[in-house]
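What follows is a single structure, written as structure tokens, with notes after it.
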Amino acid sequence: MALTPADWQMIAKAALPNMGKYLEWRSLWREAAQAQARANAAALTPEQRDWTFDLLTGQRAYSAKPDKRYQWKVLPQGMSNSPTMCQLYVQKALLPVREQFPSLILLLYMDDILLCHKDLTMLQKAYPFLLKTLSQWGLQIATEKVQISDTGQFLGSVVSPDKIVPQKVEIRRDHLHTLNDFQKLLGDINWLRPFLKIPSAELRPLFSILEGDPHISSPRTLTLAANQALQKVEKALQNAQLQRIEDSQPFSLCVFKTAQLPTAVLWQNGPLLWIHPNVSPAKIIDWYPDAIAQLALKGLKAAITHFGQSPYLLIVPYTAAQVQTLAAASNDWAVLVTSFSGKIDNHYPKHPILQFAQNQSVVFPQITVRNPLKNGIVVYTDGSKTGIGAYVANGKVVSKQYNENSPQVVECLVVLEVLKTFLKPLNIVSDSYYVVNAVNLLEVAGVIKPSSRVANIFQQIQLVLLSRRSPVYITHVRAHSGLPGPMALGNDLADKATKVVAAALSSPVEAARNFHNNFHVTAETLRSRFSLTRKEARDIVTQCQSCCEFLPVPHVGINPRGIRPLQVWQMDVTHVSSFGKLQYLHVSIDTCSGIMFASPLTGEKASHVIQHCLEAWSAWGKPRLLKTDNGPAYTSQKFQQFCRQMDVTHLTGLPYNPQGQGIVERAHRTLKAYLIKQKRGTFEETVPRAPRVSVSLALFTLNFLNIDAHGHTAAERHCSEPDRPNEMVKWKNVLDNKWYGPDPILIRSRGAICVFPQNEDNPFWVPERLTRKIQTDQGNTNVPRLGDVQGVNNKERAALGDNVDISTPNDGDV
């Protein structure tokens, strides 16, 4: 019994532990597997053997044509035969004919076969051999469809000895009603475009009908411009023809500067194939030199596809010096120059057909230059989302209001105004890459995508550039760089002009709304900062689309708070999945001042908690008491030892009771809300969207911008002594039944007062009934002000504000 390859694999695996004999076993397995494969192949017929993929034998007889090494068994679902299998089968049947007549041109497309040769005698010999060979493969040719002539039809085109004429297409207008109807018609026209010399720009009104409602049954109408384009197609079809290529003669590729988009043709004493670019450009501004290079690359590929060789000559509308300049500035031209091994020229053939293609006047920049102009005036431009545009020339600032809310669009309008105002040599400095790149491309731009909102502005700038006589140089400068020098100063003047004008034109409500759109602060902050009414401030917050879903809800319960900063802190970890690896957000908050600190870290282990504590304490100070939940990182020995070393008292709340850390839990929600709101804000262009940067911006707003009812921010409450009532009281200690004071009041509550004895480290809470209020006068805390004192007659009664003395009350007075 012969061993199968699977058996030999089992033997090889069993021998793996013995590494010394591994190579020997591998060689034996290979030889046995090949022997078994040869034995199996011997039982196959020659036809079956040709279609078998022999992996183990190592033979490479069919490696040049990989498709022949596979046995096709599965047909596409729903088909009775496979077009691919049909092609492969007929190609294999035609192989003996190709080998017998190597000079014969034999083309196959599905069930159509074309035989071509210069000598009719050779065709007469090849045709009977073809019939005989196909009959051996079970294939028959319908003799009634055979055409033997110097002029024949193949794939709908008429092939004559010197030219190829496309099939005649009847264009009917009576059934053009829906998107589907126009799609079919334009598909036929696009298929015939290699026969037509109509530039793409002339057919644009026709192809623009396909835009709009995407449903195939959506209505469409034939516009006047589209009807005129359709008439041009009908006229071109009447005389459409291509020349037959002469294999012994070279051919060239010509790229013409037609309007808006270039047109190319493979040429050999006549058009061999017309090549057109895509009708709809991928970019808003299609730079004409790049479009020529892209079409030239497309033409080189078409030459290889149709004729099997590259043209010997490439003709473009540029001189040799201009080609070198474009190759250094454009990636497409660099690829074209390095990939084409032939000659590049700019002298077109003299032929009447080619006279149509010279109507694009400017194909190389003449007005926009690449180097600064020494004799040109320098103008700095800037635009803002408030619609204010400004430019600075010779120290003079000019501002203008536009009805736009995009900084790029406003700056485009400012540049247009500058080009119209300054007609002499001009240097423009802008802080928008978008505007600088657009202006550099517009002079020789082909098609400007009409769907863009700035298309109309770009067209106006292009017309102004084409009508100018003096050169223009435009460059970019980074805004808010803080660098010294006149360029940074000029840009800063233009930038400040947009803000000053916007502030002067806007009302306090509008200014508050813009400030809120940037930072999404609270209504109390807006009310204090911009002197608004409570209703106006609340309306701004409630009308904000980013803040309306985060409005506070009433809460119940209370957490113990510190009466001074750095007394009691709460700390916890929350998750922000959008931060990726830094999704573990550690948050700490001071329960007295409300100062908050957060660190996006890669985990929530004890080491990460310690890292967060050190970062927070280095920024805002070390608390006396730190309260957390019962998480494993907080209850670990490592963190407990860290707290002891740092002399921080660590407390944990009840297990599974997050309300014990309600202050930091609320801080989680507040911080996440600001991360979401400020992500939708106006800092997208200036602030990078990194996790730490986003957290820092939110903390800056919460700690330094939001204010309380007394007009203080969290940072101010944390870094300064809190406002205390200017009151001194004497108070009785119920433990020793003695009176103390006078001491200052820290906090008042219902029925109780918190006093801070001057000789104690901690404050005390005392019932309000056990206190006696003493009003101070110029720092004298021992002399209270009383309107009437025992022992003083009516004539000597003290007036309000007089200084009198009072003895310390005894126990009976209380």
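Keep in mind that glycine also has a Cβ here, set from the backbone N, Cα and C atoms.
Among the features that Swiss-Prot reports, DNA-binding region is placed at 727-776, with the record citing sequence analysis. Sequence annotations record features per position, and here Swiss-Prot assigns Mg(2+) 1 binding site to Asp382, Glu411, Asp431, Asp495 based on sequence analysis. Residues or ranges marked as Zn(2+) binding site in Swiss-Prot: His516, His520, Cys544, Cys547. What Swiss-Prot lists as Mg(2+) 2 binding site is Asp572, Asp629, and the listing cites sequence analysis. If you look up Swiss-Prot, you'll see 1-159 marked as domain 'Reverse transcriptase', on the strength of sequence analysis. The domain 'RNase H type-1' annotation in Swiss-Prot covers 373-503, and the record cites sequence analysis as its basis. Residues annotated as domain 'Integrase catalytic' in Swiss-Prot: 561-733. Residues annotated as zinc finger in Swiss-Prot, with sequence analysis given as evidence: 507-548.
Feature map: Swiss-Prot annotations on the structure.
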residue: Asp382; record: Mg(2+) 1 binding site; CB count, 10 Å: 29
residue: Glu411; record: Mg(2+) 1 binding site; CB count, 10 Å: 28
residue: Asp431; record: Mg(2+) 1 binding site; CB count, 10 Å: 22
residue: Asp495; record: Mg(2+) 1 binding site; CB count, 10 Å: 19
residue: His516; record: Zn(2+) binding site; CB count, 10 Å: 25
residue: His520; record: Zn(2+) binding site; CB count, 10 Å: 23
residue: Cys544; record: Zn(2+) binding site; CB count, 10 Å: 18
residue: Cys547; record: Zn(2+) binding site; CB count, 10 Å: 22
residue: Asp572; record: Mg(2+) 2 binding site; CB count, 10 Å: 22
residue: Asp629; record: Mg(2+) 2 binding site; CB count, 10 Å: 22
Reported as an integer number of Å, what is the Cα distance between Glu411 (Mg(2+) 1 binding site) and Asp572 (Mg(2+) 2 binding site)?
46
Report, in whole Å, the straight Cα-to-Cα distance of Asp382 (Mg(2+) 1 binding site) from Cys544 (Zn(2+) binding site).
27
Of the binding-site residues His516, Asp572, Asp629, the one whose Cα sits nearest to the Cα of Asp431 (Mg(2+) 1 binding site) is His516
Here the Cα-Cα span from Asp495 (Mg(2+) 1 binding site) to His516 (Zn(2+) binding site), rounded to a whole number of angstrom, reaches 20
Taking the recorded Zn(2+) site as His516, His520, Cys544, Cys547, identify the other residues of that chain whose CB atom sits within 8 Å of the mean position of the site's CB atoms, giving them in sequence order.
Asn517, Val521, Ile540, Val541, Ser546, Lys677
Residues close to Mg(2+) 1 site centre defined by Asp382, Glu411, Asp431, Asp495, Cβ within 8 Å
Tyr380, Thr381, Gly383, Ser384, Ala390, Pro407, Ser430, Ser432, Ala479, Asn491, Ala494, Thr498
Binding-site residues Asp382, Asp572, Asp629 vs His516 (Zn(2+) binding site), shortest C-alpha separation belongs to Asp382
His520 (Zn(2+) binding site) and Asp382 (Mg(2+) 1 binding site), compared by Cα position, are separated in whole Å by 25
Express the distance between the Cα positions of Cys547 (Zn(2+) binding site) and Asp572 (Mg(2+) 2 binding site) as a whole number of Å.
24
With DSSP as the yardstick, break the zinc finger (507-548) down into helix, strand and coil residue counts.
31 helix, 0 strand, 11 coil
Residues in the domain 'RNase H type-1' (373-503) per DSSP class, helix first, strand next, coil last, are 56 helix, 33 strand, 42 coil
